[in-house]
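Q: Take a look at the following structure, please.
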Amino acid sequence: MCSSKLKNLSQESISRINGRPVLQPKSNQVPALDRRNSLKKSPPKPLNPITSKITSPRQISLNSPPLSPKLKSLRKASSCKELLSPTTEKPKQVTKPVKLSENNDGGYKEVMPMVIVQKQPGSIAAARREEVAMKQEERKKKISHYGRIKSVKSNELNLNVEHEKKKRCSFITSSSDPIYVAYHDNEWGVPVHDDKLLFELLVLTGAQVGSDWTSILKRRNIFREAFSGFEAGLVADFSEKKIQSIVNDYGIVLSQVLAIVDNSKQILKLKRDFGSFNKYIWGFMKHKPVTTKYTSCQKIPVKTSKSETISKDMVRRGFRFVGPTVIHSLMQAAGLTNDHLITCPRHLECTAMAAL
């Protein structure tokens with residue numbers, strides 16, 4: 001009897017709230033029936049049946065069988081191949097799966113699929129690499145002929161390099177006129193024994209006073225034409241009319257023309273006295289040129305004692321424009337003295353010619 005009463009008391013004093021046993025005082029207890037009625041919930045409204053026959057993505061995933069480990073490994077391998085495959089392939093078109101959005105009524109409505117263009121990974125970098133490769137090929141085509149065809153500028157540079165290698169006399173530079181360079185390489189310092197050429201050199205050296213060799217060498221043919229190829233016999237017979245025409249036609253100063261005509265007459269006298277102008281002029285050198293050993297053009301004098309001796313004798317005989325400086329220039333041009341620097345290759349060449 002006692003045990004049954006305790007059970008009833010315990011059942012009455014212990015109430016359940018939200019499914020949990022809670023001990024309450026007697027005053028707060030509610031009859032069991034009322035409590036049961038209050039705890040009853042309204043039944044949930046039934047969901048409207050889905051009119052669409054399309055199953056939800058959740059159902060698709062639930063209904064689909066689980067993937068085996070082999071399939072997972074195959075998928076990984078295929079994804080690796082896609083990454084390693086060339087990115088020049090066209091981008092794939094991927095359609096998003098159909099989504100079912102929930103209505104206000106609790107049902108689902110179908111959403112139209114969207115087509116999305118999916119680019120391969122690394123396609124931008126690959127396109128950039130292709131662009132760079134194409135530019136490199138174009139550049140190779142542009143420069144493929146370099147070094148095969150020699151331009152005029154490269155030839156001029158080669159000539160300048162040759163000049164430096166030859167180490168000509170220092171008054172020949174990279175900016176020197178080609179006609180002056182050719183005169184240095186072919187004529188200057190070469191022994192001359194021809195009377196006409198000696199007369200020509202005497203005229204040119206006298207004309208270059210107050211000027212320069214380059215300007216005189218450019219007018220060399222004009223002098224030859226004006227003075228009948230430097231035939232002393234023809235020039236000596238020039239009349240006043242002929243002399244005036246030379247001044248007017250060739251632009252040569254009158255005093256210079258008169259001096260050349262007078263010198264031609266004195267050369268004819270030397271031929272009668274010495275047999276030739278060559279014998280007279282080389283007689284001062286004992287028919288043997290002087291070979292100097294200058295290492296710098298600054299050390300080359302403008303006149304020497306020998307040029308002063310020859311100048312005095314020629315002035316005494318009636319020659320004009322034959323000062324010591326002009327005569328020294330004549331001696332250098334006609335090879336009476338070899339004033340090429342010892343570093344110039346023409347020094348040895350002219351010395352060898354003088355020995356013949």
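Cβ coordinates are placed from backbone N, Cα and C, and glycine is handled just like the others.
What TrEMBL records for 1-16, 50-65 is compositional bias 'Polar residues'. The region 'Disordered' annotation in TrEMBL covers 1-105. If you look up TrEMBL, you'll see C169, H184, H340, C344 marked as Zn(2+) binding site.
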Q: Would you please pick out, from the binding-site residues H184, H340, the one with the fewest other Cβ atoms within 10 Å of its Cβ?
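A: Comparing Cβ neighbour counts within 10 Å for the binding-site residues H184, H340 gives H184.
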Q: Residues with Cβ closer than 8 Å to the Cβ of C169 (Zn(2+) binding site), same chain and 6+ apart in sequence?
A: H184, C297, H340, L341, C344, R346
Q: According to DSSP, does H184 (Zn(2+) binding site) sit in a helix, a strand, or coil?
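A: Reduced to three states, the DSSP call for H184 (Zn(2+) binding site) is helix.
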Q: If you draw a 10 Å sphere around the Cβ of C344 (Zn(2+) binding site), how many other Cβ atoms fall inside it, taking every protein chain shown into account?
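A: For C344 (Zn(2+) binding site), the count of other Cβ atoms within 10 Å is 21.
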Q: Give me the sequence-ordered set of same-chain residues, not including C169, H184, H340, C344, with a C-beta within 8 angstroms of the centroid of the Zn(2+) site's C-beta atoms.
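A: My list of surrounding residues reads R168, F171, I172, W188, G189, L341, R346, H347.
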